[in-house]
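**Student:** Below are the features I grabbed from TrEMBL:
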| type | residues | note |
| --- | --- | --- |
| DOMAIN | 36-72 | domain 'Alpha-D-phosphohexomutase alpha/beta/alpha' |
| BINDING | Ser49, Asp261, Asp263, Asp265 | Mg(2+) binding site |
| ACT_SITE | Ser49 | active site, phosphoserine intermediate |
| DOMAIN | 167-267 | domain 'Phosphoacetylglucosamine mutase AMG1' |
| DOMAIN | 282-418 | domain 'Phosphoacetylglucosamine mutase AMG1' |
| BINDING | Glu355, Ala356, Asn357, Arg479, Pro480, Ser481, Gly482, Thr483, Arg488 | substrate binding site |
| DOMAIN | 454-507 | domain 'Alpha-D-phosphohexomutase C-terminal' |
Amino acid sequence: PDNVRVSYGTAGFRGNASGMEYVFFRMGMLAALRSKLKEAAIGVMVTASHNPEHDNGVKLIDPQGEMLAQSWESLATALANVTNDQLIEQLKQIIDSQKIPLSNTSFTISVHIGLTVHGPSSLSLSRAVLDGASAFGATCHDHGLLTTPQLHYILACYNGGDIKVDEEHYYQNYASAFKALLNVVSLFTSPVTVDCANGVGAAKLTKLAERIGANIIDIVVYNDGQSGKLNENCGADYVKVQQRAPAGLNMEPFHRYASFDGDADRLIYYTLDSDCNFILLDGDKIAALFATYIRDNLKKASINLRLGIIQTAYANGNSTNFLINQQNIEIACTPTGVKYLHEKALTFDIGVYFEANGHGTVSFSLFYLKRLQKGESGSHDNSQISKLKLFLDIINQTVGDAMCDLLAVEAILQDKNWSVKEWYRIYTELPNRQAKVQVADRRIIETGDAERKVILPSMLQPAIDELVRKYPSGRSFVRPSGTEDVVRVYAEANTQENADDLAQQVSLAVYNIGGGV
């Protein structure tokens, strides 16, 4: 379309599904070229993620189940924005600049496609991807409805040599791993209620729970898509931002509740206290739970490995203080976007990364595996090593996976004999608020220091600093959206009233200095 420009953001292209077929068609072609270059299968996920039902999106997945290489994001953006008349020339430029050997016929181009919503827009958009990939002679594997993490998992297994991997393989792998852990960790079956955001995760979580067995884990699925709309007043993003339960959910104090987002790569826990106050256990709390559990088991097994937690600027200030000052765990901070956290996590022997929105996982290196194997043959506590290995077997290393992360949380709580109350009390979050400001052009806002400071406009950061100084425990930062002309605002302070007021004042500063509309 004339005068329309799209950008490959932190999770691919996102926007209103209407009129986006040309983008999806071109991403099918780009996936085929990427497959030819890497001589490996490439994944394409058609997903609205946590966005409203009328939106949709597309993202590419690299051979090991990781996000598309950042160097190719600019190629994706360029390809999506040329006119039809310029399309062939742009493809030639990509082929020449990347030295893609199209004449080499020894490898068959392979593209795996999944979608998270079985509706008219998703079906036509996935068809466009298939058409684009087929234009370069790709062999296409259409997996139909999957959660986003399932396609990441399938692709990694396929490129690892398991060419018969499918959705059932995913269930059997993680169900078996979870049940194996039960031989070491004794679980009780108090239920956990999971809001699946009326998305694909409802049916997939039900299948996984069936493979495990209701006598082992009791999962009650809520918002299964039978009546409500995708991500509307429900899901992980709604619960995190609004700091309230999904609409219509009647909660009981200290019962465990969790929410997925629409494509099941985010997980948030929450409950009520004895006075029926809402308690949120977001990605920060999940990361702290995982990291302290892994650290404790490494210590008991007398194995020394470099463990780190990777956070973004959205991490609650008290979570950072808890991990550094009380737990002595190394912290790194990156810009927002799971691709940045994942890349940084790989620099540790064991890296735990979660965005505050609940998107995250654990990565562990080959060095880690060798150390554990060496530990089992040496004078170490093999029971602790075995427990840690079994725990990490239920982690989907390729990407944040709400279903696997749910199993991991449940296993840790039961092993520690903790209720959600004990988990919540490991530290107390500073009250916080998120907001967004509509602007004429988000590109005039530039940030640095992992998005914690504004570089341009030059007047904005001093204005934010002056406002923050007025509030006890105050902290605030702003960052431009990757997909729309809005600036996102985060604020925290000693009370909810002060956090709300700080967010409002910073929003006004952004509006006045950053070209608000």
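Using N, Cα and C of the backbone, Cβ positions are placed for all residues, glycine too.
Unlike curated entries, TrEMBL annotations are predicted automatically.
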**Student:** Just name the most isolated of the binding-site residues Asp263, Asp265, Glu355, going by other Cβ atoms within 10 Å of its Cβ.
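**Tutor:** Minimum Cβ neighbour count within 10 Å, taken over the binding-site residues Asp263, Asp265, Glu355, occurs at Glu355.
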**Student:** Within 10 Å of each Cβ, count the other Cβ atoms and name the one among the binding-site residues Pro480, Gly482 with the highest count.
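**Tutor:** Selected residue: Pro480.
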**Student:** Rounded to the nearest angstrom, how far is the Cα of Asp263 (Mg(2+) binding site) from the Cα of Pro480 (substrate binding site)?
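**Tutor:** That comes out at 24 Å between the alpha carbons.
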**Student:** In whole Å, how far is Asp263 (Mg(2+) binding site) from Gly482 (substrate binding site) when you measure between their Cα atoms?
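**Tutor:** Rounded to a whole number, the Cα-Cα distance is 19 Å.
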**Student:** Among Asp261, Asn357, Arg488, the binding-site residues in question, whose Cβ has the most other Cβ atoms within 10 Å in this structure?
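**Tutor:** Result of the Cβ crowding comparison: Asp261.
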**Student:** If I take the Cα of Asp263 (Mg(2+) binding site) as reference, which of the binding-site residues Glu355, Asn357, Arg488 has the closest Cα?
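**Tutor:** Smallest Cα separation from Asp263 (Mg(2+) binding site) among Glu355, Asn357, Arg488: Asn357.
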**Student:** From the Cα of Asp261 (Mg(2+) binding site) across to the Cα of Asn357 (substrate binding site), what is the distance in angstrom?
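**Tutor:** If we compare the Cα positions of Asn357 (substrate binding site) and Asp261 (Mg(2+) binding site), the gap is 10 Å.
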**Student:** Please list the DSSP helix, strand and coil residue counts for the domain 'Phosphoacetylglucosamine mutase AMG1' (282-418).
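**Tutor:** Here the numbers are 73 helix, 19 strand, 45 coil.
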**Student:** Provide, as an integer number of angstrom, the distance between the C-alpha atoms of Asp265 (Mg(2+) binding site) and Glu355 (substrate binding site).
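**Tutor:** So the alpha carbons of Asp265 (Mg(2+) binding site) and Glu355 (substrate binding site) sit roughly 11 Å from each other.
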